[in-house]
């Protein structure tokens, strides 16, 4: 049994009777992880994009961090869409290479890293479970901005009787409310999408 699992982990392509553990369909651009499991390149990259973090994607089967995706050796694709997908796989691998060469690759991939960092920040801001933390952080940020505004003698914001601190504090609370309701809508949309996919898969099986 152990020998069979070892051979599967070291195989250059998935077994003929295997299916992608994420979409449960036939493999499209199959990729092997460093833990030996096979997934569709599209599925595993979408899972990573869904997390919106700069951390490595975790294997859905064994939960080990995925530091390397190896496409099937026989994939000598010429289609433009497949070539772009393989470039996305290469970019993912470059983000998690160590050493000096890895640092150079991270500099090259800096736009992607900044996109991931901003995505991670936005996912935290619209998470309804973090509403209290977001309230504290944004109000502190408003306090910092008001201190800078007051000490630099700026006068370009019409504050009226509120004062700069109270005005920015109200703006911060409004942003917290906007992010909260946006997070609730995002969560509802995701759950609705999952329900629709479940219904479609049930119809296909029947």
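Every residue gets a Cβ built from N, Cα and C, even glycine.
The domain 'RING-type' annotation in TrEMBL covers 20-62.
Taken from TrEMBL, the feature transmembrane segment applies to 95-113 (among others).
For the transmembrane segment (162-185), same-chain residues at least 6 beyond its ends with a Cβ under 8 Å from one of its own Cβ atoms are 125-128, 131, 134-135, 138-139, 141-143, 145-146, 149-150. According to TrEMBL, the feature transmembrane segment maps to 162-185 (among others).
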Across the domain 'RING-type' (20-62), average pLDDT on the 0 to 100 scale: 83
The domain 'RING-type' (20-62), counted residue by residue under DSSP: helix, strand, coil: 11 helix, 8 strand, 24 coil
